[in-house]
């Protein structure tokens, strides 16, 4: 931000006279300054003082100097100023909108202490601080004030955030407090925010932080939640004073702080999120700054000083000029002022989110603003100052903007159309469309206000080329979709968005009504269409007619004018609307009827008075009449009855007008008497209902007001006596009977005997009613009444009287009914027949006269035929067996299917004449197959063939003809027919006939005869494709002969003979055509060749002009030269391309050379300026003398080349001496050198090099050595010879290099000698450094050929101990390596040992490795899977090593699924108490208890092994640090479980211990947290079942089935635990991952449980003992006492306890004695083993081994 001083608004005084406060108005038009004299000065935006007024004290008695103004702020509408004073009051002055308006106080707010600061952030809300520490709010609307929050400290400063919805107050104790009216979703906290080190007199709230400063000369920036962001410390600056005031820019991106003679400016850097100080503005003698005010648009900053001065500064980051028409002033990163340089108008463009404005463009005829930020898009209308900011992600600048609509900007990007309404910060809508053309999109945004509609925003656009979508942009939903049959090329909604006009590519204009979803085509050949602005009138052009729809609701009513031009536009203004028509070169205006236009607008706007006024100016026409009717309807709906009355008067509807006039008088009278709307009066409402013929509504309105008389009067006036009497009956009116009599008398007086009869009938007087009916001439009604009453039927005279009347009146059917009723069937039948009541006659005849039925059916059919009801007659004729009549009726009724059905039932003779008639019908419907079948049935096959022939269906006709005619006859017929067609010029039909009879050649001949070559070619291509090219060529030649060259061209080209075409045009002298064909059809150079020939035919200047025109002059010269036309080439180059002449000479020379004319060629080469080419020519021909002659005369530089060429010849002849001499003459010793090298004459090469090119001698020597190396053995010998030569010459270094170059190429002995010789020479004669290099080079090479000892000795000569050791190691000479390490450098002994170990490991020599590194050996055994050897070897090591590898082997076995082997491992080697092994022990235990087939006597040894291992582990744990740990306790539980399993297996081997085994299975259930719960319950249930404990078996097995279901479902949540309440069987157990019991055994259990549950004999209760608890539960539920488990059964020991030495171990005496007795009787070794284990586990057995007491 840069500050530039503009002007001084108020000059400073000599002494202290501080400006107390300043403020800018919200509209940027006014600036207020309050001076020390308490006077407010008002300035305009340009800095001119325009007004002033004095403030007043709270009480005049204290005088005008009794207070100071501490705060001042403009209202949001800029028409008021609030003044905060130290005499405890705030005044609000209304200053008005114009300068000079009277200043009046409109509000005042008295406070309890001095006002210290003040802000006016929102309408009606003033916020201010008091000296007592409170921050309060004054409401200008209610004239009341209230406290927002209070502190105990003086309020020194007050500021708001950028939006004005939050306030920040600074207090004398340094506290800064924040309060929000609306946090705008930021979620920031309220209340005390921070405690500043000093009173924050300078306080500003920017967008991203809070800036505070004061007397400590430090500026601190705080974050949104009060944490310190930055500190700017000026306390050490002797020039700086305290900071007195601060202000934030309107965008919140900059802050200015005032101190003494200085303004400090800070700018927020968004990318780094820090404040950065700009260069301070220092002004000498400005003194202390007391007030700052920033203009709302950010462009000006005003500064008030201690001496009363006010300075104005211009603020901006940068300025730019846009297209020399607009000035762009960036007053902040997020705020730009756009100024029109011509008009001076300004618009402030600002990002409300604080984003940096990156680029501003002015588009759309320089009216619309477009600007981008990183996250948003800014849009604006410069004319209306409406601005929008919407979220917008950058899309690479690919957006397209359309500004055709003044209310909305259309943005098109990546197939998506976005609409933004100017002035709205949300997108109006977004749709997908690929058609971004303003003519294919129509947006209407509140363009005409309508009655009852506040917001109307609609969009019409194309979804695809034939589908229009209409969207309500407010609701965001689709309100219509128009699918059209052809492409839409223009569309537009009317201004109200109710009608859509669109035109398709066929120039048809359609109108779509959105509410009714109806589409109407209103105009054809429409070239122009437009809605008249401000109305729903439509103007369109149809050819020479101008069409105008004044009332679009009646699209069939159109006004048309004849015009003689094209409509180019519409102009509306000055009270008239004109259609502009371009007639020739003049523009003619056709004026439309403004009244008709205005009428529609007035109607839509609901202004019916205006509409009436319009219509009264018009003459009555059909259009005007329609408008009056529309207005009358709308006026009635809106209850504007006077207007409706006027409408009906205009329409000539006098009755309605009079009725409305009376209604209006009633309404007016009510309005005068009672006030309000008279139309709400009940009589008015009832009369309006009567006007709409809604008499029931009128009745209801009357009766609601209890106006019964009025309701009855209404009906009487309308002569609606029935409704009148009904009202009287409903309300119990006393005049009811009188009404009825009056009604009857009125009926008789008006001769309404029928209605009177109905009245008498309803009252039950049948005779009177009949008499009246007969009098009225209604015998049918009399008959109906008689038929319903038996007593009247008995009156014979009456009945005869009625029947006579009926017959007289020819009401035969009714008479028949009466005769039938009185049982006179004969007369009834006659009457029915006369009255054509055949249905009743047939029904009666079936009962009374069956013989007559057939005749009646035929008569019925005849009657129906007379009535033209032929369809109905068919069935009656069928019933009457009149087939011919039925067929004719069916044919007459066009019931063809019925006719066919009836015909199929007739004999062939009868039917044959009718089939062709039906066939003709089907032929007319083009249902030829059915027609053919019918013709065939009617023996009219020829007609069928004719039918097919006339229909052009020759194939079917041919097929049919072949059936009934001989093939040759068919061919003759068709060919004859085809010839007739040919004569008539119907060639296509003739062709089809020829082709049908397989004679396409006749058709081809026909077309050729008539020169219809296209059709001829078509047929040839179809029937003789192999002859197509020949045909084209033949036709081409024919046409060429006839001079029809264009047609001939076509055929030549189709025959792929473009050259023939070119030749044809050349022969005819049509070079241009020939050139065209060659260019388009030939290859890349064909046209050039033709152009060349064309030019050659012209010759001279004409040829040059032509070739220049075609741009082919150079190409032609080249072509002529290339084709040996040198005369033409020289002619062209001479005339136009002189620079090409040497090139032509050159080509001519080359031509002559090829021809062998060397002397002429030499002359041409020299003319071409290419003597070197002549030299080369002679060299090529080995004419050395001529070559040298030309070179010396014309190209001295080539002399050397001639000599070189001659030398090359000498070399080829092996004349090396001559060649060398020539090369040296040519000063080319290098070439001589190369030739000797190529010839392998290295000695000569070295000689030449030494004499003439000594600088290359060394390189040549190296090359020679490389060459020798390549040659292998021969090369090696050369190296050795060379090395000896160098050695003899004392060149030891070179000799060494030669020796080193010797490679092992099959002769390793020689290589070794050479290398050793090199080493020997280097050690003897070369310096140490070189010596070292040689040895280090020779050593690896000796090792490479297996001479490790020799290499090691070399290394040892130079004390390279490690390299020597490495050589011995690589040679696997370990003893030598160890000896060298031991004797020369003991540090390498470990190095040798390590490599020896690695060697043994790599070689797999584990047995040898054991003696060196046993751990490595063991690891190698593990790697090789030799576990037995590994364990065997480890056994010989210490206990720790052994168990490391035992654990590894056990882990391997467990992974392989061999847990039993792992267990055996620990049985053999013991189970140490290593925590690392715990998981192994647990896994072995888990696998054992989960394994199948272990519930048997045979499994004893497995369980015993597990038991013994766990016992060993527990004994070891007691001695370890893990004693009594949770792991120890868990293993003790596992030991107990293993003991139970082992004891159970032992008991299962002895019959008498079955119950012991069962009890152990039951006892194991209390440990199901460690066991597979389903397996445990299954085993317990089966054991209980085996010993006859059915109750327990049922409960356990039922639980087992529940568990299997739970495993399938994957959850235990559904289990019922009620059976196991008050037991120690756990509920919370792990859910097994799989079933542990096979499917068959599960099904067996399921069947048993189902059987038992069906018997209902068992009680589902577990057995209980003397404790009242479950007998196997250790814990008594009632007492909580826990009993010890018996070592033999696991059951609780309640009495007869035998205790063992180890505490906690006991047995039940009975069980113990039983177990001992079983051992004694069975001598079971496994039981004895159990006893042995118990003795070991429990510290010995009880003293008495057997106890039977």
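Backbone N, Cα and C atoms are what each Cβ position is placed from, and that goes for glycine too.
Remember, it's a predicted structure, so these values are computed and weren't measured experimentally.
As recorded in Swiss-Prot:
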type     : residues  : note
MOD_RES  : 1         : N-acetylmethionine
CROSSLNK : 4         : SUMO1 cross-link
REPEAT   : 14-53     : repeat 'WD 1'
REPEAT   : 110-148   : repeat 'WD 3'
REPEAT   : 284-323   : repeat 'WD 7'
REPEAT   : 521-559   : repeat 'WD 9'
REPEAT   : 593-624   : repeat 'TPR 1'
MOD_RES  : 672       : omega-N-methylarginine
REPEAT   : 692-725   : repeat 'TPR 2'
REPEAT   : 854-887   : repeat 'TPR 4'
REPEAT   : 912-945   : repeat 'TPR 5'
REPEAT   : 971-1004  : repeat 'TPR 7'
REPEAT   : 1142-1175 : repeat 'TPR 9'
REPEAT   : 1276-1309 : repeat 'TPR 10'
REPEAT   : 1411-1445 : repeat 'TPR 12'
Quick check for the class: what is the C-alpha distance, in angstrom and rounded, between residue 672 (omega-N-methylarginine) and residue 1 (N-acetylmethionine)?
71
Quick tally over 14-53, 110-148, 692-725, 912-945 of CB pairs under 8 Å to the repeat 'WD 7' (284-323) gives the top stretch as 14-53
Name the residues of the same chain, 6+ apart in sequence, whose Cβ is under 8 Å from the Cβ of residue 4 (SUMO1 cross-link)?
313, 314, 315, 316
Which residues of the same chain, at least 6 positions away in sequence, have a Cβ lying under 8 Å from the Cβ of residue 1 (N-acetylmethionine)?
249, 253, 254, 256, 265, 267, 278, 315, 316, 317, 331, 332
Indicate whether residue 1 (N-acetylmethionine) is helix, strand or coil by DSSP.
coil
Secondary structure content, the repeat 'WD 3' (110-148) (per DSSP, counts of residues):
0 helix, 26 strand, 13 coil
So how many of the residues in the repeat 'TPR 5' (912-945) end up helix, strand or coil by DSSP?
26 helix, 0 strand, 8 coil
All-chain count of other Cβ atoms within 10 Å of residue 672 (omega-N-methylarginine):
9
Compute the average pLDDT of the predicted model within the repeat 'TPR 1' (593-624).
79
